[in-house]
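> According to Swiss-Prot:
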ACT_SITE  S63  active site, schiff-base intermediate with substrate
ACT_SITE  H68  active site, proton acceptor
ACT_SITE  C83  active site, proton donor
MOD_RES   S63  pyruvic acid (Ser)
Amino acid sequence: MKHLGKHLIMELWDCDKQALDNQAGVEKMLEDATNSCGATLICIRTHKFSPQGVTGVAVLAESHISIHTWPEIGYAAMDIFTCGEHVNPEDAIPAIRDFLKPAKFDIIDIKRGSMVE
């Protein structure tokens, strides 16, 4: 069965708490993850919360990568949604793991827009 896109939902636990609260670091991680998976970056937007936490999104020509962090509990929720044949969202995972350093993580892999051939 063919599909239009691939959507990875990531649960990242016991992450580096300083990384989770580092807005510039999150922006760099989003850029690195985008480049690693072969996507085309349109823009990155982030917001730093007070007293802690960062939300960010990399808008891609092929869709998006998003992150929401909770430094107080060492947790991050991420989505990597890509469309197209030349982009592989799994290739973004090492850049994410290198920056956030999760002790454990889960990934849910969803095929979007499945079509019967």
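Using N, Cα and C of the backbone, Cβ positions are placed for all residues, glycine too.
Are these features on the surface or tucked inside, and what are their neighbours?
On its own chain, S63 (active site, schiff-base intermediate with substrate) has G5, A39, F81, T82, C83 as residues at least 6 apart in sequence with a Cβ closer than 8 Å to its own Cβ.
When other Cβ atoms within 10 Å of the Cβ of H68 (active site, proton acceptor) are tallied across all protein chains shown, the result is 16.
Reduced to three states, the DSSP call for C83 (active site, proton donor) is strand. The number of other Cβ atoms within 10 Å of the Cβ belonging to C83 (active site, proton donor), over all protein chains shown, comes to 17.
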